[in-house]
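I have placed the structure first, in the form of structure tokens, so that the comments after it can refer back to it.
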Amino acid sequence: MKSHRENRSAANTGPGAFCLLAALPLRARLSPARRIAPSVPSAMPPPLAAAAALLVVPVSPAPRVRLGPSRRARPAAVRAAAALRALPRRLELWPQRLAAVESTPPPSSAPAPDSSSGLDAGSGGGGSGGDGGRGGADLGWLKVFPHVLTASMANFLFGYHIGVMNGPIEGIARELGFQGNPFLQGLVVSIFIVGAFFGSLGSSALVDKFGCKRTLQIDSIPLIIGALLSAQADSLDEMLLGRFLVGIGIGVNTVLVPLYISEVAPTKYRGSLGTLCQIGTCLGIIGALSLGIPSESDLHWWRTMLYAACIPGFLIVVGMQFAVESPRWLAKVGRFDDARKVVESLWEPSEVDKSMEEIKAVVANDDSQSSWSELLVEPHNRVALIGGSLFFLQQFAGINGVLYFSSLTFRDVGITSGALASLYVGITNFGGALVASNLMDKQGRKKLLIGSYLGMALAMFLIVCGISFPLDEGVVHSLSIAGTLLYIFTFALGAGPVTGIIIPELSSARTRSKVMGFSFTVHWICNFLVGLYFLELVNKFGVGAVYAGFGGVSLLTALFAYKFIVETKGRSLEEIEMSLSPATPGKQE
């Protein structure tokens with residue numbers, strides 16, 4: 001029971017509404033009139049030329065007409081109803097619009113982009129990145145790395161609090177007087193998720209008011225206080241309060257860190273640096289499990305582990321003092337000079353002017369504070385639905401169930417230590433995240449997401465075959481172990497990191513924090529539900545049937561990604577936002 005209650009919090013690696021039809025494919029917004037094809041060689045084969053035509057850089061984007069007062073005064077419900085009435089027609093026109101985009105011919109006279117860099121060299125907004133195009137080492141990411149590394153310490157702390165209760169929960173229960181009560185043991189763990197739910201809901205207001213940098217520092221306060229209260233707890237109530245405060249801090253951070261990285265990182269490295277969220281979480285879990293080994297012999301060791309959780313919080317407070325603020329937020333609040341200084345310090349000089357022009361063009365159309373009701377109208381409703389759906393599908397693809405059942409799977413092959421089994425899973429997760437960091441800006445988000453869920457489906461069906469067919473016991477164990485590790489690895493390859501990266505990329509600057517807050521709120525709700533009902537489903541239908549269901553959801557998610565996810569690799573946030581804007585040259589509002 002303890003493993004189940006703890007591991008159900010581990011799905012956001014890397015946090016409803018779910019409507020596949022309403023989440024129209026965002027690539028429908030990439031109208032040919034808003035795009036120009038990149039430079040491609042005249043000898044490029046037609047298939048490659050067609051693919052290159054989709055990787056675009058906007059030049060002098062069409063003006064966006066501001067909404068008049070009468071338009072803004074329309075109630076959100078009226079706008080939402082109008083959007084729903086127009087939905088069937090948009091679905092009908094989608095195949096023709098997509099075909100028009102993909103058939104845009106590339107120019108034949110422009111020079112070919114340099115693609116010799118280890119990372120994607122054909123991207124905008126990030127510059128050439130050092131020596132990437134000249135055969136040398138591409139070190140352009142070093143400028144921004146200290147800043148995003150400091151922020152990703154929040155994800156390390158997230159992973160640490162996931163794993164910190166895995167071993168010591170029995171010692172905590174014995175010392176605080178609730179030993180033998182599985183409900184209270186589960187409550188100590190699950191109260192963390194309740195706090196994270198409220199933290200994700202409140203994250204948007206904090207980010208919009210204080211910016212990413214200050215919010216990360218402010219958010220470290222409940223993390224530090226919660227860890228101290230838990231470490232010094234002499235009663236169950238004190239432990240629950242401490243865990244709840246930690247959950248609030250984690251709920252804010254899981255929204256904030258991917259948002260911060262997406263807005264600070266140069267376009268060329270945004271995907272690879274975004275995987276630091278997943279890597280940080282994996283390292284936190286591994287660190288907690290490793291530090292928790294003495295708890296098997298020392299019943300009071302849990303206090304030391306919880307005191308240690310304060311250290312990353314203090315490092316975040318101090319480190320973020322030297323980190324940069326998001327240039328998008330600075331521009332949003334009118335501090336354009338400060339935004340330019342940040343861009344000049346992190347990006348290549350040749351990209352500064354172009355990037356600032358794009359940022360100003362987007363900010364110029366955001367002359368008022370955003371509200372939650374804006375998530376009901378396009379294009380924000382599509383991004384919100386896609387974000388919520390991705391986390392909904394991620395959770396019901398079974399990551400929490402597999403994490404829980406992995407300890408039993410390893411026990412069947414002679415690995416009786418739950419901590420050791422979890423450590424194997426954590427190392428596999430970390431390995432997948434490292435591979436993802438290398439592929440994210442080469443293969444793109446969409447390919448990794450589709451391949452990840454197909455691999456997860458294959459892993460589930462391997463386990464189901466081992467359980468359902470009369471095979472030798474050794475073969476069954478081998479299939480179970482291989483399937484479990486393959487599932488964890490492929491999850492870390494795409495389903496974990498891509499989900500957190502692509503949502504802020506698709507969101508507009510105006511509603512990015514709210515879309516992220518909504519999406520992660522869906523995540524925590526689904527996280528809780530899967531953890532709550534997983535054992536009941538296994539007892540009623542059997543492991544094979546439940547895992548087959550997880551495999552089916554994984555296949556459905558791969559199809560969802562293929563139909564509704566637009567590739568964001570190599571495109572600046574402003575370029576993506578302008579492409580998805582409803583105000584196109586042929587249809588200005």
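Glycine residues also receive a Cβ, built from the backbone N, Cα and C atoms like all the rest.
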Between 17-36, 37-56, 137-156, 417-436, I'd like to know which one TrEMBL lists as transmembrane segment. 417-436
Same-chain residues near the transmembrane segment (417-436), Cβ under 8 Å, at least 6 residues beyond its ends: 3, 7, 13, 163, 166-167, 275, 278-279, 282-283, 285-286, 289-290, 292-293, 296, 403, 406-407, 409-411, 448, 484-485, 488-494, 496-498
Looking only at residues six or more beyond either end of the transmembrane segment (305-324), which have a C-beta under 8 A from one in the stretch? 146-147, 150-151, 153-154, 156-157, 160-161, 164, 168, 213, 216-217, 220, 223-224, 227-228, 230-231, 242, 246, 249, 264, 288, 291-292, 295, 342, 345-346
Based on Cβ pairs under 8 Å, which of the stretches 239-261, 383-405, 448-469, 515-535, 541-562 lies most in contact with the transmembrane segment (183-207)? 239-261
